[in-house]
Amino acid sequence: MRSLAPGPASLVKSQEGIVFLLALLAFLAFALFLPAFFSAGNLLTLVRSVSILGILALGMALVVVGRGIDVSMVATMVVSVSWAFALSRSGYPLEVALLIGAGFALLTGIIIGFAVAVGEVPPIFATLAAGSIIYGLGRTFFFTLEMQNVPPGEDWFALIGQGRILGIPVTVVAFAMLCFVAHILLSRTRFGWQLYAMGNNPEAAKITGVPFRPMVVAQYAISAFVAFGAGLILASSASAINARLYNSTFIYDILLVVVLGGIGLNGGHGKIRNVILGTMFVGILLNGMTIMNIPFTVQNLVKGVVLLFAIIIDSLVNPRDEQTSQQGDL
Amino acid sequence: MTDVVAFRNATKSFRGNPAVKNVDFTLRRGEVHALLGENGAGKSTLTKVLAGLYPLTSGEMLMDGKAVSFASPAEAMENGVAMVFQETNLVPSMTVAQNIFLGDEKFFNRIRGINIQAQQHLQRMSFHVEPTALVSGLGAAKKQMVEIARAVHHKARIFIFDEPTATLTPEEKQHFFDLMDRLKGEGASIIFISHALEEALSVADRISILRDGELVVTDDAGAFSRESIIQAMVGRQLTGELYGEGGRQRVARKPGERVLAIENLSMGKVVRNATLSVFAGQVTGLFGLVGAGRTEMMKIAAGVLRRDFFHGGVVRLNGVPVRFRVPRQAVSRGIAYVTEDRKYDGLFTTMGVMQNVYQGKLARGSNPVEFVRMEDVQHQAQEWIERLNVRAIGGDAKVVELSGGNQQKVVIAKSLIQEPSVVIFDEPTRGVDVGAIAEIHQTIERLADAGAAIVVISSYLPEILNLSDRILVARQGRIVEEMMIEEATEEKIMYAAVH
């Protein structure tokens, strides 16, 4: 097992170490050369926007550890929250509308889970199709405007994204708490242990008696629910939610966080600290590029290149075929 | 007749363990040479050297009198050696014609041209296969024909058939033997690996028998009888103290309750109408050659595989019919299946020894958010690690760092920590060093003494004789013979297993 506090030598060798150093380097460089970067206002924006990304990445990480992937998260997020707002405008109390939205998110997660677990559809295709279906359903039947404002007269709702606890934005507190919960879930509960088992060797997990299909359904249900929660925070801090987010590269930012942080796409690897690390790095990178006024398309280019390299490094560090484990073989 | 291929003092070792030892083997022009022996006797290894899959460790391989060594199957193919595997190597999504020309395409191909050429080629060999048919839609026999046609197209003159008739119906077999005759008539040489002794006796010109990697005898087929072949296949010098005097002096444990009963079980073409019982407090040995369906029978009982819905038969646990759809259901009812392939579905390679073992314990519970108590992990996993004597540097050692024997013990511990009442060991000592074999055998004996119902699936006769109280022999998807250890001999078992 790797020790919790890697020394300087292993810091450079492990992927986590490299990402950590890169994040630090980027932070220092931006702080030195971009006067606007190292200001209280910007750092606050950074931390806040990064928290939403981080929360979504937590949900994604859970699925990825179990050797799945959920690219429908953004669709679930925008549609469930937008629908809740639309319902609220049409007369439902906001609380009830939000419950319906949460229920919708959970339902989509469960249906995706069944498609993957029982229908044995590869996760990437199941969630790709599901994302498209969810967005289509939403725009066709649930709401028509792509921009849904927070219904008026509900002041408490703004607190989620804009309030503070002891001076710390609620968003950040929520991210920290979710990190803690996810950490406990992964490292200390039966669910977490079995999740790693499934991700590492699905066949062995089945034979050992892991409740395979319920576990798969649970993963996608959790990630969908997390997406709904992230949507609430996003809508609250911006006072609106824009369904067009589905058509943006947001989902790739989430994947970038997960892969860059060091959670292997082939499952069974990675801890919550990898998500935090990835969030930090991607957050600093995106914020810095925005301040430098780098055009959006160039930003995407940079993100794309970084993601590609992260995946290449990932497949080198965590080879999918267990060529490394040939010892004792006949 | 001239020797096309000759092995001189050939040895092939894997990690120092010889699979083939000092073999002198010749293949003449225009002969069918049957290669017989138990599973693991070295038949496949020897032929795979010829087909370019492995290099020899020592000794030499001569072809037409010149020493050769093939680095790859493609190189062997260029020199006229074609191996037809039991599972064919065709591309299922392509047509017959495309498969025949695979690897030999011109830069521009006209489908029609290829089809016409393939048609002519197939007709010349009088194979009734449509060149435009997709390979995935063909039966086993036709796939084999296509594979042979491909080999002939690539100008092969040495054919290696590994268990070619296992999946064929009687008519298809006849067709296959006619084809071998024709190939022989055209001057090709054929190595024919089979478990079917009658077939070998009737079609082969010469027969070679391998045992434990060594060539026992080579002679004209006419010099052999069924009995003398079996004698030569099993008449081993028993290996040291490990397998003592076989089962002769052992007395069977008294059978307890009938815990597991399988009645008329069927699954596809692999398991056909199998019936067997397993009793508590006993080791039931299940012997069979490759393709006998023994693993599949037990996998169905353990919920790993599913049987036919309508004609599947009945599995009874303590007299009550059960139908497990996933292994978890079987595990929660106390049936553990210890896999034959620990790499594929046994080990969690990213985890440590203790975590691997404790996964078994976790799977017995159901509350997903129940906390894993680290002292429980330490305590219980450690207990089983000690009981099975897993030698690792601390419980944190990754399982990939262990030897084969210790990995196998981890897989066994993972199942035993679930405290099962029925344990199915599938090839429990495959790829395991001698010291660990003895320890694993002791563990199995102790389990049976403690009252568990044990099934040991093995293709190694001494292991079956050494462990079992009762021996079942599987052949072609059914149980064909049942005997108590007192009356069992290697010859008797082998006689029942071959066909």
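From the backbone N, Cα and C atoms, a Cβ is placed for every residue, glycine too.
Curation does not apply to TrEMBL; its annotations are automatic.
Copied from TrEMBL, the annotated features are:
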TRANSMEM  A:20-40  transmembrane segment
TRANSMEM  A:46-64  transmembrane segment
TRANSMEM  A:71-90  transmembrane segment
TRANSMEM  A:96-117  transmembrane segment
TRANSMEM  A:124-145  transmembrane segment
TRANSMEM  A:165-186  transmembrane segment
TRANSMEM  A:216-238  transmembrane segment
TRANSMEM  A:250-268  transmembrane segment
TRANSMEM  A:275-294  transmembrane segment
Region pair the transmembrane segment (A:275-294) / the transmembrane segment (A:46-64), three or more CB pairs under 8 Å: yes
Distant-in-sequence neighbours of the transmembrane segment (A:250-268), which means Cβ under 8 A and at least six residues beyond its ends: 14-16, 19, 53-54, 56-57, 60-61, 64-69, 71, 73-74, 131, 196-201, 274-279, 281-282, 286, 303-304, 306-307, 310-311, 314-315, 317-318, 320
Maximum Cβ pairs under 8 Å to the transmembrane segment (A:96-117) - stretch from the list A:46-64, A:71-90, A:216-238: A:216-238
Region pair the transmembrane segment (A:71-90) / the transmembrane segment (A:165-186), three or more CB pairs under 8 Å: no
Stretch in A:46-64, A:124-145, A:165-186 most in contact with the transmembrane segment (A:216-238), if contact is a CB pair under 8 A: A:46-64
